[in-house]
Protein chains: 4
Amino acid sequence: MKGASEVLDPGLAPEGHRKIDWAARHSPVLNRVRDRYLKDGTFEGLGVGVALPIEAKTAYLTVVLAEAGARVAVASPGPFFVQDDVAAALAERGVAVYASSRNPPEEADRPLERVLDFALDGREAVLIDDRAGLGRLAHTTRRNLLPRVRGASEETTSGVAKFRAMEAEGALEFPAIAANDARCKYLFDNRYGTGQSTLTALMHSTNQMVGGKRVVVLGYGWCGKGIARYAAGLGARVFVCEVDPVRGLEAYADGFDVLPALEAAELGEVFVTATGSRDVLREEHFERMRDGAILANAGGVDVEIDVAGLRDASSEVREVRRNVEEFSVSGGRRLYLVGRGMVVNLTAGDGHPVEIMDLTFSVQALCARRLAREHRSMHLGVHLLPEEIDEEVARIKLQTVGMSVDSLTPEQERFLTTWRE
Amino acid sequence: MKGASEVLDPGLAPEGHRKIDWAARHSPVLNRVRDRYLKDGTFEGLGVGVALPIEAKTAYLTVVLAEAGARVAVASPGPFFVQDDVAAALAERGVAVYASSRNPPEEADRPLERVLDFALDGREAVLIDDRAGLGRLAHTTRRNLLPRVRGASEETTSGVAKFRAMEAEGALEFPAIAANDARCKYLFDNRYGTGQSTLTALMHSTNQMVGGKRVVVLGYGWCGKGIARYAAGLGARVFVCEVDPVRGLEAYADGFDVLPALEAAELGEVFVTATGSRDVLREEHFERMRDGAILANAGGVDVEIDVAGLRDASSEVREVRRNVEEFSVSGGRRLYLVGRGMVVNLTAGDGHPVEIMDLTFSVQALCARRLAREHRSMHLGVHLLPEEIDEEVARIKLQTVGMSVDSLTPEQERFLTTWRE
Amino acid sequence: MKGASEVLDPGLAPEGHRKIDWAARHSPVLNRVRDRYLKDGTFEGLGVGVALPIEAKTAYLTVVLAEAGARVAVASPGPFFVQDDVAAALAERGVAVYASSRNPPEEADRPLERVLDFALDGREAVLIDDRAGLGRLAHTTRRNLLPRVRGASEETTSGVAKFRAMEAEGALEFPAIAANDARCKYLFDNRYGTGQSTLTALMHSTNQMVGGKRVVVLGYGWCGKGIARYAAGLGARVFVCEVDPVRGLEAYADGFDVLPALEAAELGEVFVTATGSRDVLREEHFERMRDGAILANAGGVDVEIDVAGLRDASSEVREVRRNVEEFSVSGGRRLYLVGRGMVVNLTAGDGHPVEIMDLTFSVQALCARRLAREHRSMHLGVHLLPEEIDEEVARIKLQTVGMSVDSLTPEQERFLTTWRE
Amino acid sequence: MKGASEVLDPGLAPEGHRKIDWAARHSPVLNRVRDRYLKDGTFEGLGVGVALPIEAKTAYLTVVLAEAGARVAVASPGPFFVQDDVAAALAERGVAVYASSRNPPEEADRPLERVLDFALDGREAVLIDDRAGLGRLAHTTRRNLLPRVRGASEETTSGVAKFRAMEAEGALEFPAIAANDARCKYLFDNRYGTGQSTLTALMHSTNQMVGGKRVVVLGYGWCGKGIARYAAGLGARVFVCEVDPVRGLEAYADGFDVLPALEAAELGEVFVTATGSRDVLREEHFERMRDGAILANAGGVDVEIDVAGLRDASSEVREVRRNVEEFSVSGGRRLYLVGRGMVVNLTAGDGHPVEIMDLTFSVQALCARRLAREHRSMHLGVHLLPEEIDEEVARIKLQTVGMSVDSLTPEQERFLTTWRE
């Protein structure tokens, strides 16, 4: 798709190929899913529109789909999630890529629209979506293409919330699968993937110690749980802010302090947001923070930290290490923002570990396949991946690591389904 | 209810009162729920039939309900879950008790029938059930009382499965609330309550070290997760057996080995079942176990370990420490069963920590109240506790430990429910 | 030694034998040490005076020594560390026992003097000591016996401190081995033995949850480290008080809060002392504690908590659960003391796990043997166990659990001992 | 020292200054040590020769010493530990730097000799050494300068071993302080510094998940303990290889498998060496490793992994990710070496966290000061840092994080030093 693609510098392709090869080699589950399920012609000639950060693992998913016969177009939900070498390599592997790290952020919708235009150009397509970006455009600026969309599979918690909001309004015009809500997705990707890669990005970017640090985790959903757990595993003292009291109680039983964000603001040395909400850290929090506090966002939306407000409140902003900006605020205090307030494991790292994305993208490939084959019988709402597909992915993964589970005996099956003794 | 009750030795009451007082003092959540919700007359003159182990915390729940005006009758799901001093004290506190540790196990249904007879004697009643014991009898040997049952609230995972089986068969004739499935229940009681108390019982009964031990956890549901986590927290090397591959994969990502039970049988030094299924450890496993292996059940049914089969396979059985039986099996090996194969934290300990039951029984009291008040509008199936009640319990608990959560701002609420940007 | 012994009730012997048998069965290291080292005649006719808590594992050590030919006499450092059934059984196994749980605490020296009288009655002896009790008496009230003492092996950190104080004063008249300072002792016994058994005793005695609790550990030596680690492993929020800033810093890096005891007094829900010092918790701390606070001592001296002062400050004292006393203090607050302020894992539990004592007593047996054989060449000071004996014990233990270590190659040996490249 | 220095590219200085500024800002302990101790004229005109990796934190130590009046020269123990931008910046800050990442590895001694030449040029000097590199040369190729060396302070475990070997041979001609053996050094730097930064480097370089991985740690000294602990904290299954059985037993009690390296070779997915020995992983291990195994060294010597042997055994070697080399070995297997087999946190990362080095370099500065002032009274052997200096560093650090310790009361002091009761 060299002709169709728009990338920053095609000359970067060799390094991109090397990265994609590494991902391919470490994706045994997706490779087995491909061999077992994707070669049945389902994707032959079908459009696939993809919105995902452009790095090696997402690239490999699109390559697998293209090799299965699909006409794949891909863009990033924003320019900060683009590795230009990978984009260049992808263009050489038969995928239409619209992605450059230099694209203006305010025009983030443009490449997504290009994806829709390509994928749905005279053919039907399924969408693999991130934060409902493609879905939103298909229902607004590209309504003309909407009839040819067989469905969308959504990657993120916040995107699923958007699709559910559309469904609640009666606005959703194709079936959507909450790929995010597959157990093989959120138990691993959201929790341990986010947990490990967020901490790696923070440690790598700041060269600071985790042990003994007061780390404030805002949001104790799956992402927050993973961050808190690994931070504690590295010796941090963890504080949790939540709006859901049961989750708050869970954090308490896990050994963490649970307190309002305004109080946490005065205590924390590191703050990580993972709520899916907006302005979770805002002026009233910045005002209370200690000199030297470190801020990062690990959640699915870019406005969890009010970066614009922070900038307004600062007398000076400068980059003091790669991916670390220093904001000089009132009282001579300096706050440090890692990764621009966008998902830090992508803007200041290589994203989730490859084994995690191998699981996630196996789920995504099977969601896309399901939509492609069964969209006609699916109602116009948000669907879960059927349990047996979830289990199949887990079973393959366990095989690849040399582990396995038992089966119920007939006596046990009977025991579990009868109530008379 | 001294007249109505049947206990082993009324003279044991003083020690029982002391235990109940300790539980009362450490139940701030239930006390606040009582003050806020239970004094509205709902329970005035209403029957309440309770099947729960007879120890201090369950006793205190029945006392609270009796003080709210209910006519409460209580029995244990079996004689091994009865502390006779607590039973004696309860009888002095206005609760009808049918419980003795000397009752013949094969007649375990008798006391439960007595509970139904008392609670439904000329009045309507709600049931607080354990493993669906009261529910089963109300649908079989006590069908005559069935019309006066407003509903049942079920405490255990396995009991909920029974009620769901009844619903699936169309046999369920009153609404049931899966109290077990309230988040304030299973996240804490099943997981951390079972986790801590199972390990305490094992350590206390065997005087053995956990650090370094190969501990096999069978079942990675909420109970198994708690046991595995705390065992690892005490230094054990944990192995997990599962039938659900996604749970198996979760155990793997948590750092545990996942393998079939037959293989685990050869490796383990300690085996703990928590599956809700039967014969999870059976002859083929016993045959492979090492000399000195320790076995215990932490799950909701008493047949997870095939104790009868183990007994048949043994040349000699003797008690070598309190609550520890030694089975001499083939090859000169000796296997050690703690707590008779029944829920070990009750048969060889004091059950869950008091703070855990404070949460659980707050949920139970509110489930019972809901059934009492709204049974007419509830369909004849299994219900969940409404989310707001769950959250209320969590909020009260957080207050009692000096913690609190945030609220969403209106902007955040709006952000979370819209899909257009 | 039935004739020589003084125990509470000889009729309790059967239960005591059962306990000792369990310990014997779970002492593979000591059994192998016995077979390999103790049958060489060293102990034939030699006196051995032992001061140790009287429970199954200590009992088994004395049995092993008696079977090796020694004339063994044993007493407890105080009446609260005596299990009368074990004492009765020991008397039937050829050991002279002076121990009863009913002995008056203020006459705790008497049984120890009896031990010296018996063990040194016309023969030489080695001592196995606890808190330097036998050593102190041999240098004061029993100086007449002193010339026949070949040496003493000391079990506790605080006892080693006493022997070092004696050495520093020039008062020590026989060689002492700091068995406590053998790596196979303190790394496991002091740390993990104390850690596990202290938490088991607390959980069993109070039926309280550890998860979420604010647990204050006073002293971050080996004992404190073990308690803190396992408490955190069970979900507690741990606070540490120390006098050594490097240890304090270590606790900080381990993720704990480090603060003065007066501040901790206001925060803690559970307090555990493990300092080896006196009055670590005293009136000024009691005054600040919250209603409901739980106190226990896990350290080697009985005066870490000023129990006498606490009693004076209380309007009422009563036992509210077995081994739990409630002290009603100012402001309507109630403080709960577990295990009388003495070593809680012994006064409210069965002491260290058996596998731990198997290691410790293997060290002790080899220390006693070394003193018996080489006392003439040892200076009158405090000695460490030679490294090769320490390693031998560890090697045997690893064998019993199916593990093993490597050896250095000759090239590696050379590499590690040369400085020229 | 622009004139004196030899760096790769002076134009890189701006980025280097930025990094050093970050380190300076995050070194509160060293800054306080400087203000309190280093301004007393001790270093005025004194030579200081430093061998340390050239990155921001080490750079800042040399800047502090230069500002205290010392004539500082610095080189790296090898070209792979040089960040050229930092070297360039240092040269602009008054330090003589002999360091370039392009220096030929086989001539690694040359820059070190230059350091000695500069630091001892007509003046006396103290040395801050890494792996005894400067010390070795001062005793061999630069014996002429030896009389002017006041002493050396050694940073690493393996360097201390070298100095002890020199002392044992009677070859050591100046006093050496084992800075490495200060508690404020090894408890934090070796353990948690190495632990965190090794795992960060591995995760960042490989983009692989730690959770579930079988991580083999070779060596369970302080470095190995830190790596094992944090790997487990991130969900790994940890295996330990050791030659010391007591350390092996400690690893076992910590919950890890302990096994010979040849057996571990067949199991591991990731191997990390931290022994200070040579050829810990060599041909016989490579032969047994699985396809895809990852290898890294975190120990103080570069020959723990026999990289030369691995290269010989490979049909192809290529870089597949930054800092990751793929070795194609027999049977179609591919092994991945991270960071060239040299200390991986330096060759594939930014070294230890800044707060760790703040502690370590405070110790180093005080060691250097002690040698400078008291060398005449110190015997020609290996010395420990006096305990009060260690405690002072810890006390300052605790202050900077808002924590503090208690003091003993006079009664407690007395209690701890008397043996009569």
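Backbone N, Cα and C atoms are what each Cβ position is placed from, and that goes for glycine too.
Please treat TrEMBL annotations as automatic predictions, because they have not gone through curation.
Feature annotation from TrEMBL assigns domain 'S-adenosyl-L-homocysteine hydrolase NAD binding' to C:190-351.
In this structure, C:Cys223 (NAD(+) binding site) is part of a helix by DSSP. Residue environment of C:Cys223 (NAD(+) binding site) contains 29 other Cβ atoms, counted within 10 Å of its Cβ in all protein chains. Summarising the annotation, TrEMBL assigns NAD(+) binding site to C:Gly221, C:Trp222, C:Cys223, C:Gly224, C:Lys225, C:Gly226, C:Glu242, C:Asn345, C:His352.
Counting only residues at least six positions away in the same chain, the Cβ atoms of C:Gly219, C:Tyr220, C:Gly248, C:Ala251, C:Val258 sit under 8 Å from the Cβ of C:Glu242 (NAD(+) binding site). For C:His352 (NAD(+) binding site), other Cβ atoms within 10 Å of its Cβ number 28. Applying an 8 A CB threshold to same-chain residues 6+ apart, the list for C:Lys225 (NAD(+) binding site) reads C:Arg191, C:Gly195. The Cβ of C:Gly221 (NAD(+) binding site) has C:Thr157, C:Asn190, C:Arg247, C:Ala274, C:Thr275, C:Gly276 as same-chain neighbours under 8 Å, each 6 or more residues away in sequence. Listed binding-site residues: C:Gly221, C:Cys223, C:Lys225, C:Glu242, C:His352. Those with a CB under 8 Å from a CB in chain D, in sequence order: C:Glu242. Per-residue pLDDT, averaged across the domain 'S-adenosyl-L-homocysteine hydrolase NAD binding' (C:190-351), gives 97.
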